[in-house]
């Protein structure tokens, strides 16, 4: 059962300092995989064990999930995985800005909380500013992977990412959805959904060479598409 928390609650609006790689990993020079909304962290803990030459960091807004997950991460013999508490839309942008160029090589958002009602748009994890921060931190050719079992959740994520112009799909990837998870390790939610023989909607994007659009224009354009009834009216 998913335990939702409202990311717009006052308690989640304080920016947190996330430690730099040098304070998190035994080999901070290794490439980083960032998993946003990692829940209990089972996926990245398994990935870290299978890929010791990568560093893996999961961020999660539900603190009761973070505490046991990071405790287990700290026991890894490779020193290459951590799970941190934060609101991704408040604290991640500043952290990604401090990373050395090309250090962040993969970002994933897997089965985010299904805020699909119109009035809950601002609670979605993938907001325009976070997407632009991801686009800024990823060098061309690096991966941004998203998946969900709820069409009302994945469709806006795909539309927003495509609207940015900063990402393309791999040339030979299946459309509209990938059949397989490129990470090769399923999340707990993914296992549950597949055991029920229900569909999973997956899209792999790759950062291209397109410059990011100005954030204010991008946010306004997205508002016009995603919630046209409340879009700001240009001055006469």
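Just so it is clear, glycine is given a Cβ too, placed from its N, Cα and C backbone atoms.
Pulled from Swiss-Prot:
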- 35, 60, 87, 113: S-adenosyl-L-methionine binding site (BINDING)
- 113: active site (ACT_SITE)
- 117, 149: substrate binding site (BINDING)
- 217-236: region 'Disordered' (REGION)
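Taking the features listed in Swiss-Prot, we show where each one sits on the structure.
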{"residue": "35", "record": "S-adenosyl-L-methionine binding site", "DSSP class": "strand"}
{"residue": "60", "record": "S-adenosyl-L-methionine binding site", "DSSP class": "strand"}
{"residue": "87", "record": "S-adenosyl-L-methionine binding site", "DSSP class": "coil"}
{"residue": "113", "record": "S-adenosyl-L-methionine binding site", "DSSP class": "coil"}
{"residue": "149", "record": "substrate binding site", "DSSP class": "coil"}
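When the Cα atoms are compared, residue 60 (S-adenosyl-L-methionine binding site) and residue 149 (substrate binding site) turn out to be 19 Å apart. In the shown protein chains, 22 other C-beta atoms lie within 10 A of the C-beta of residue 113 (S-adenosyl-L-methionine binding site). A Cβ within 8 Å of the Cβ centre of 35, 60, 87, 113, the residues given for S-adenosyl-L-methionine, is found for these other residues of the same chain: 36, 37, 38, 39, 59, 61, 62, 88, 112, 125. Reported as a whole number, the C-alpha separation between residue 149 (substrate binding site) and residue 87 (S-adenosyl-L-methionine binding site) equals 22 Å. Counting neighbouring Cβ atoms within 10 Å of each of the binding-site residues (35, 60, 149), the lowest count belongs to 149.
Across the residues annotated as binding S-adenosyl-L-methionine (35, 60, 87, 113), the widest Cα-Cα separation comes to 14 Å.
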